[in-house]
Each structure stands twice: as structure tokens, then as C-alpha cells.
There are 2 protein chains.
Amino acid sequence: MVVSMREGEIISLFMKHFERHSLGDDAGFIKLNNSWLLVTSDMLVWKTDVPDFMTPEDAGRKVVTMNVSDIAAMGGRPMAFFFSLAVPGDVSEDILRGIARGINEGSKVYKLKIVSGDTNEADDIIIDGGSLGIGKRLLLRSNAKPGDLVCVTGDLGRPLTALLLWMRGEKIPREIEEKARNPRARVEEGVKLSSLANSAIDISDGLSKELWEIANASNVRIIIEEERLPISDSVKEIVSDPVKVALASGEEFELLFTIPREKVEELDIDFKIIGRVEGGNGVYIKRGRKIEELEVLGWEHLAGGIDVEL
Amino acid sequence: MVVSMREGEIISLFMKHFERHSLGDDAGFIKLNNSWLLVTSDMLVWKTDVPDFMTPEDAGRKVVTMNVSDIAAMGGRPMAFFFSLAVPGDVSEDILRGIARGINEGSKVYKLKIVSGDTNEADDIIIDGGSLGIGKRLLLRSNAKPGDLVCVTGDLGRPLTALLLWMRGEKIPREIEEKARNPRARVEEGVKLSSLANSAIDISDGLSKELWEIANASNVRIIIEEERLPISDSVKEIVSDPVKVALASGEEFELLFTIPREKVEELDIDFKIIGRVEGGNGVYIKRGRKIEELEVLGWEHLAGGIDVEL
């Protein structure tokens with residue numbers, strides 16, 4: 001396949017042409033009275049985003065989760081889900097029923113009302129979901145401050161490990177498959193973080209990429225420590241380079257955030273401190289005594305896939 | 001192609017599985033303080049929705065218009081645009097630049113901020129747009145009342161005539177092409193209607209289908225008069241059955257609304273009265289002295305296209 005433009009280049013091209021925009025964060029935001037309205041859309045393309053260890057139910061639920069996660073990353077509370085669906089003319093009723101069940105499950109898990117739907121015809125199944133939320137104080141990528149601690153919720157590595165095992169035709173252990181098939185957005189964590197943290201992003205493209213997003217948007221230097229990464233135990237048992245997998249693994253839907261040191265004790269959620277924010281630029285990783293610049297690992301659309309092995 | 005399910009059946013299947021939804025109108029709505037938040041998403045699939053008399057700019061602008069039109073049909077004021085884009089790996093930069101320019105133009109025409117974007121890879125170009133709006137009083141499909149007058153903005157027939165000429169490889173006259181390439185959503189009209197009308201819908205699938213949507217949702221009988229239809233003069237010159245074309249022509253983005261008789265004089269917009277609402281059920285058309293049930297004409301996704309000829 002001729003790859004003419006990478007995802008990042010396409011985004012730049014669009015941003016260059018838009019005269020009135022506020023793109024660049026996990027969700028869009030508009031001030032309304034004393035609140036922030038949040039809105040996001042995130043598309044699932046069957047061919048690239050639904051490996052066959054996922055059921056149609058998993059896919060439907062995931063579309064809800066990935067959109068809700070973008071609202072959570074802004075510190076918002078999701079209120080509604082909406083979607084546009086495209087299907088081939090010969091799509092089976094079983095697949096459609098599965099997708100519908102999955103979306104319904106997702107809407108119940110996150111207590112959302114499904115408010116809008118649109119149906120179309122295309123060659124592949126495409127579900128573009130969206131979520132509407134509301135927040136009091138926004139968590140932007142661009143607000144990390146020197147002195148902040150860098151933290152992450154949950155554990156890392158399972159979704160990518162599942163994908164790598166699947167690509168090799170190997171059996172996926174249940175605990176690893178669980179997060180790959182049924183990840184959960186960190187809604188309550190996001191709401192609690194909204195009054196305390198300075199910046200946040202959800203881990204949809206891999207920790208290393210999200211760290212660079214925050215460092216670049218905030219114009220700060222981030223240093224993380226290799227041994228502090230919350231790598232899933234089951235991942236450690238299977239992969240040869242668990243750190244690399246944890247840094248590259250996307251669709252984790254964990255929250256990566258930075259928070260002033262003095263506010264950490266007020267934070268009533270499970271999280272792990274993995275590093276700190278300093279003045280300067282770039283993202284660095286401490287491996288034993290060595291500090292080196294962190295490479296961006298993980299998935300980029302239109303860039304030819306994944307650069308990590310089992 | 002094996003068509004296993006029509007669009008209407010797919011929508012029914014989804015609605016049957018959703019436990020908490022408010023689907024069934026042009027846009028979704030959520031009460032927020034004393035206002036209604038409106039949100040909608042509407043997808044453009046290049047292969048089926050972009051005939052080659054349209055440029056990428058036209059397509060980008062149209063995605064904005066079709067979403068804004070759904071907000072207008074609810075009586076809301078659109079505030080923001082967002083989108084998810086899928087493109088093949090070998091998409092040309094020219095096409096992307098055109099789409100970006102078109103979206104930018106649309107955002108300026110309707111004074112919208114572009115607040116969120118998402119990029120993906122797929123076999124065809126797919127742009128799923130969305131709009132967020134706000135309203136004080138909603139115009140629902142389900143609120144038409146016996147005694148209301150049935151009205152429509154603008155003129156009808158040009159978009160379908162353009163498509164039919166294009167399918168026959170014939171030259172499309174400029175005035176007809178204009179509305180097919182650059183339709184406009186009736187935003188100011190919708191806002192003015194919101195305080196006076198009882199029900200509204202935008203004409204995206206053809207007048208006949210939209211009339212049935214209102215009659216069924218409101219549980220009323222609608223009678224329109226053939227000679228009152230605001231058929232475009234340039235359509236009358238070209239097509240053999242202009243009434244049929246006007247009833248079937250979609251993507252007009254005109255507003256079809258019903259309004260109490262006594263409120264009509266307060267309405268400060270251009271519109272045409274085409275019929276009335278009565279007690280009962282169904283949609284009927286008066287042709288000279290005969291009244292007959294109105295057939296649903298026009299476009300349905302996954303149903304094999306258009307049932308009208310030049």
C-alpha cells in the first residue's frame with residue numbers, strides 16, 4: 001500500500017486550514033454559563049480496529065468506552081452517547097444485533113442516554129461514536145507545570161500483548177484478553193482529578209505517545225522512571241520486553257495526569273506516580289542510573305502498524 | 001449485491017436493543033438548566049454520497065451543512081462542529097486539502113467553532129460530521145396538531161434533478177447544480193420557528209418521506225395540495241414529472257414544519273403553505289379534485305437507490 005500521508009500530517013493539514021477551531025485535546029469544549037460542555041467523536045473501523053478475538057458486542061461496547069474515555073480525560077462527566085453507523089449491504093443481522101447489544105451495555109455501564117443515531121452504507125463496518133459531557137474545570141494537555149508529579153491509573157500492557165499474541169496465532173490468557181475485549185473508561189477518576197490535577201490525557205495510543213503529547217502541549221520536560229511503570233503482572237510473565245510493551249500499548253483507556261505535589265494526598269483514587277515534570281522540553285526515561293530520551297512507540301494510523309514485538 | 005436489511009429495519013433493530021434512548025428526531029436533546037442541548041452526527045460516505053460533479057470542497061461544506069440542518073430542524077442554534085475522518089492510505093493531499101477547505105468554509109458560513117477531530121484509515125473516504133447546538137424550545141416531529149398548517153421553506157427538486165442528469169451523463173444547468181453542490185441549512189428560519197411552530201423536520205430524504213415521518217410520529221393526518229408545492233422553475237423546465245421529483249428530492253435541507261393557523265402571520269421568514277394537519281392518520285395529496293394517499297418516494301440507504309426518473 002502506498003502511504004502518502006501519516007495521521008499526524010493529515011491532522012496538521014486540517015488544523016492549518018481551519019480558521020476557528022479549538023482542536024488538540026481529547027474532547028472539544030465550549031463554555032456554557034459556568035460549565036464546560038464537552039463533545040468528542042471517535043471512529044471504529046472494523047477491518048483495522050476489531051481483531052477477531054473481539055465479538056460484535058465487544059466492538060459496540062468499545063465504541064462507547066473510547067468516547068467516554070475522551071470526556072473522562074478532560075475531567076468531564078459523560079451524559080450522552082450518539083453514533084453514526086455504516087454497514088455493507090450484506091451485513092448479517094447477528095453482527096448488527098451484537099453491536100446494538102454492546103452499545104446498549106456501554107450506555108448502561110456509563111449511565112448514558114443514547115440520543116442520536118445515523119445509518120449508512122459502506123464497504124466495511126464503521127461505527128463512529130460520540131459522547132457529550134459536562135465539566136466544571138477542564139483538564140487540558142497543555143497545563144502541566146514544572147513541579148507536578150506524573151501519574152497513571154490502572155495497569156499497562158495487556159491490550160497490546162493480546163494483539164501481539166493474536167497476530168502470532170497464539171492463545172491469549174484470560175486476564176490479558178479481558179482488558180483487550182472489555183476496557184473501562186476512568187470516569188469517576190476523571191471527575192475527581194478535575195478539581196486537583198493540572199493536566200490529563202487518556203492512554204489510547206500508548207503511554208510514550210501520550211507523554212510526548214503532554215510535554216509538547218505544555219512546553220515542559222517530563223522524566224519518568226522505568227521501574228515505576230505499573231506493568232501488568234500477566235504481561236511481565238509473557239513478553240520479553242515488558243517496559244517497551246507498556247510504553248507502546250494503546251486502548252488502555254487509563255488516565256495519564258500531572259498533579260501538583262501538595263495535592264496528591266487529597267486524591268482519593270488508585271494511581272501510581274511514575275515521574276515528574278520539570279522546566280525544559282522533551283520526555284525522558286530513567287533506566288537504572290541512565291536517563292535517555294523516550295522514543296515514541298505504538299500505533300499510528302496510516303503509518304503501517306506496530307513497532308513492538310512479543 | 002445481497003441486501004439483507006434495509007435502513008429502516010436496522011434502525012428498528014437498534015432501537016429495540018437500547019434501554020435508555022431518546023432516538024427518533026433530527027438531533028438528540030438533553031435538558032441543561034433552562035435550555036436544551038442538541039447534538040447530532042451525520043455521515044458522508046464518498047462512494048455513495050459524493051457524485052463527481054461535487055468537488056472535495058463541496059463535500060466538506062456539505063458535511064457541515066447536513067449536520068447544522070439537523071440542529072436547525074429542532075429549532076436550535078448550532079454552536080460547534082466536530083468530525084471523524086477515515087481515508088485510504090493512498091488518499092491524495094489535494095482531496096484532503098479540499099475537504100479541509102470545505103469544512104472551514106462551512107464553519108464560517110454557520111459561525112461554528114470546530115472543536116474535535118479524529119483521523120482513521122478505511123478503504124473509502126468517510127467523513128462523519130457532528131454539530132452541537134442549543135435551543136430554548138424544541139421542534140419535535142411528534143408535535144404536529146390537527147388545525148396546523150403544513151409549510152416548507154425554499155424551493156424543491158434541484159438536488160434530485162442534478163443527480164438524475166448526472167446519472168444520465170447529461171450537462172447540469174448552473175442553477176440546478178448550485179443547490180446540489182452548495183445547499184444551505186435554514187438556521188435563522190429554525191430559530192425563528194422555534195417559538196411559533198409545533199413541529200419540524202429537515203428535508204434530507206425527500207418531502208414525501210418527511211411528511212410521513214411527521215404524520216406517524218404525531219399520529220395525525222396530513223393533506224398537502226399538489227399545486228402548492230414550491231417546485232423550482234428550472235426543475236419544471238427539465239423534468240417530465242416535476243411533482244414527483246419535488247416529493248422525492250433529498251438533501252434539500254429545507255425545513256418542513258407545521259404551525260398553528262393563528263401564528264402564521266407572526267412568522268418573519270420566507271415559506272410556502274402546502275397543506276394542513278387533521279385528526280386521523282396518514283399522508284394524502286390533493287391532485288385537482290382527487291385526494292389520494294401519498295406514496296413514499298426518494299432515497300433509502302441499502303434499498304437500492306432512487307425510484308424516480310427524469
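Just so it is clear, glycine is given a Cβ too, placed from its N, Cα and C backbone atoms.
Note that the structure is predicted; figures quoted are calculated from it, not measured.
The annotation Mg(2+) 4 binding site is assigned in Swiss-Prot to B:Asp26, B:Thr40, B:Asp70 on the grounds of sequence analysis. In the three-state DSSP assignment, the secondary structure recorded for B:Thr40 (Mg(2+) 4 binding site) is strand. Counting only residues at least six positions away in the same chain, the Cβ atoms of B:Asp26, B:Ala27, B:Gly28, B:Asn67, B:Asp70, B:Ile71, B:Gly130, B:Ser131 sit under 8 Å from the Cβ of B:Thr40 (Mg(2+) 4 binding site).
The feature Mg(2+) 3 binding site is assigned by Swiss-Prot to B:Asp26, B:Asp70, B:Asp202. Secondary structure from DSSP puts B:Asp26 (Mg(2+) 4 binding site) in coil. In this view, B:Asp26 (Mg(2+) 4 binding site) is surrounded by 28 other Cβ atoms within 10 Å of its Cβ, with every protein chain counted.
Positions annotated as Mg(2+) 1 binding site by Swiss-Prot: B:Ser41, B:Asp42, B:Asp118.
Every protein chain shown contributes to the tally, and the Cβ of B:Asp70 (Mg(2+) 4 binding site) ends up with 32 other Cβ atoms within 10 Å. The Mg(2+) 2 binding site annotation in Swiss-Prot covers B:Asp42, B:Asp70.
If you look up Swiss-Prot, you'll see B:Asp49, B:Glu251, B:Trp299 marked as substrate binding site. Counting every protein chain shown, the Cβ of B:Asp49 (substrate binding site) has 21 other Cβ atoms within 10 Å.
Long-range Cβ neighbours of B:Ser204 (ATP binding site) (same chain, at least 6 residues apart, Cβ-Cβ under 8 Å): B:Met66, B:Ser69, B:Asp70, B:Glu210, B:Gly250, B:Glu251, B:Glu252, B:Phe253. The secondary structure of B:Ser204 (ATP binding site), as reduced to three states from DSSP, is coil rather than helix or strand. For B:Gly117, B:Asp118, B:Arg141, B:Ser204, the entry in Swiss-Prot reads ATP binding site, with the evidence type sequence analysis.
Taken from Swiss-Prot, the feature Mg(2+) 5 binding site applies to B:Asp205, supported by sequence analysis.
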Self-check item: Within reach of chain A, those binding-site residues of B:Asp26, B:Gly117, B:Arg141, B:Asp202, B:Asp205, CB-CB under 8 Å
Solution: B:Gly117
Exercise. For B:Asp202 (Mg(2+) 3 binding site), just count the other CB atoms lying within 10 A of its CB, please.
Key: 27
Quiz item: Does DSSP put B:Arg141 (ATP binding site) in a helix, in a strand, or in coil?
Solution: helix
Practice problem: Taking only the Cα atoms, work out how far B:Arg141 (ATP binding site) lies from B:Asp42 (Mg(2+) 1 binding site), in Å, as a whole number. | Solution: 18
Exercise. Determine, for the Mg(2+) 3 site, the additional residues of the same chain whose CB lies within 8 Å of the mean position of the CB atoms of B:Asp26, B:Asp70, B:Asp202; present them in sequence order.
Key: B:Asp25, B:Ala27, B:Thr40, B:Ser69, B:Ile71, B:Ala72, B:Ala73, B:Met74, B:Ile201, B:Ser204
Quiz item: Just the number: how many Å between the Cα atoms of B:Asp49 (substrate binding site) and B:Ser41 (Mg(2+) 1 binding site)?
Solution: 15
Quiz prompt | B:Gly117 (ATP binding site): secondary structure state under DSSP, collapsed to three categories | solution = strand
Quiz item: Using DSSP and three states only, what is B:Glu251 (substrate binding site)?
Solution: coil
